[in-house]
Amino acid sequence: MAAKVFESIGKFGLALAVAGGVVNSALYNVDAGHRAVIFDRFRGVQDIVVGEGTHFLIPWVQKPIIFDCRSRPRNVPVITGSKDLQNVNITLRILFRPVASQLPRIFTSIGEDYDERVLPSITTEILKSVVARFDAGELITQRELVSRQVSDDLTERAATFGLILDDVSLTHLTFGKEFTEAVEAKQVAQQEAERARFVVEKAEQQKKAAIISAEGDSKAAELIANSLATAGDGLIELRKLEAAEDIAYQLSRSRNITYLPAGQSVLLQLPQ
């Protein structure tokens with residue numbers, strides 16, 4: 001009797017395990033920010049997109065393919081040529097995501113690794129097309145315009161593959177060694193020219209200052225000569241007295257004691 005009970009329990013447990021396995025294989029989860037495409041072994045890829053949550057499928061007949069529909073970044077480096085045939089190294093940062101409603105078409109025509117297959121190809125195509133419209137110098141001075149044109153053209157091109165580009169930006173822009181050296185040489189030449197112009201302007205200012213000073217000295221000498229011709233020795237004696245007065249004032253303010261001989265003027269040869 002006991003053996004039959006244990007046998008019944010064993011069969012029930014086995015049936016329960018099989019049923020649990022079947023139920024478990026018939027369930028699948030779609031996480032937040034993801035979508036699922038169903039592949040049917042008899043009918044192929046279903047033209048439906050499954051949203052977030054837990055869902056049922058037919059075990060061994062249907063298979064879910066999960067896609068991440070959140071925005072993801074990708075850097076794409078490209079080497080191309082400018083309008084004046086300069087080599088340009090550009091790195092483009094792209095923030096992309098698939099159009100959820102087009103996931104069945106994306107999976108059928110491109111595959112799960114759609115970003116690896118599509119983004120490098122169309123980025124190279126668009127960058128070569130846009131950069132070829134600008135000279136190397138314009139790529140630097142008009143970088144915002146270049147970035148905007150690349151973004152517009154690339155967004156339109158990606159839409160044909162069912163991709164949305166939330167952001168496109170130029171993160172790296174360098175040129176070949178020859179162009180870089182030429183730019184550095186030009187900057188050095190401009191600095192030398194500015195320095196030479198400053199030296200010339202300084203010399204001109206010094207020359208003008210010297211001319212003004214000489215004219216002032218000449219005018220002063222002329223005025224003194226006229227005064228001497230008019231006043232004679234009286235003007236000279238007046239200037240001596242003014243100088244003596246100034247010297248005496250300075251000596252009176254000094255802490256040192258100065259002794260003067262009686263009856264003589266040692267400051268200036270003034271008349272007695």
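Each position is counted from 1, following the chain as shown.
Just so you know, glycine gets a Cβ as well, placed from its N, Cα and C.
Among the features that Swiss-Prot reports, coiled coil is placed at 177-211, with the record citing sequence analysis.
Under the heading N-acetylalanine, Swiss-Prot lists A2, citing a large-scale study or a structure entry as support.
The phosphothreonine annotation in Swiss-Prot covers T91. For T91 (phosphothreonine), the number of other Cβ atoms no farther than 10 Å from its own Cβ, over all displayed protein chains, is 14.
Swiss-Prot lists K128 (among others) with the feature N6-acetyllysine. In the three-state DSSP reading, K128 (N6-acetyllysine) counts as helix.
Annotation comment: Swiss-Prot describes K186 (among others) as N6-acetyllysine, evidence class similarity to another entry.
What Swiss-Prot records for K202 (among others) is N6-acetyllysine, and it gives a large-scale study or a structure entry as the kind of evidence. Annotation note: K202 (N6-acetyllysine) sits in a helical segment as assigned by DSSP. Same-chain residues at least 6 positions away in sequence with a Cβ under 8 Å from that of K202 (N6-acetyllysine) are not found in this chain.
Residues or ranges marked as N6-succinyllysine in Swiss-Prot (evidence: similarity to another entry): K202.
Sequence annotations record features per position, and here Swiss-Prot assigns phosphotyrosine to Y249. Sequence-distant neighbours of Y249 (phosphotyrosine) (same chain, 6+ residues apart, CB-CB distance under 8 A): none.
Long-range C-beta contacts of K128 (N6-acetyllysine), restricted to its own chain and to partners at least six residues apart, with a cutoff below 8 Å, comprise V78, T80, G81.
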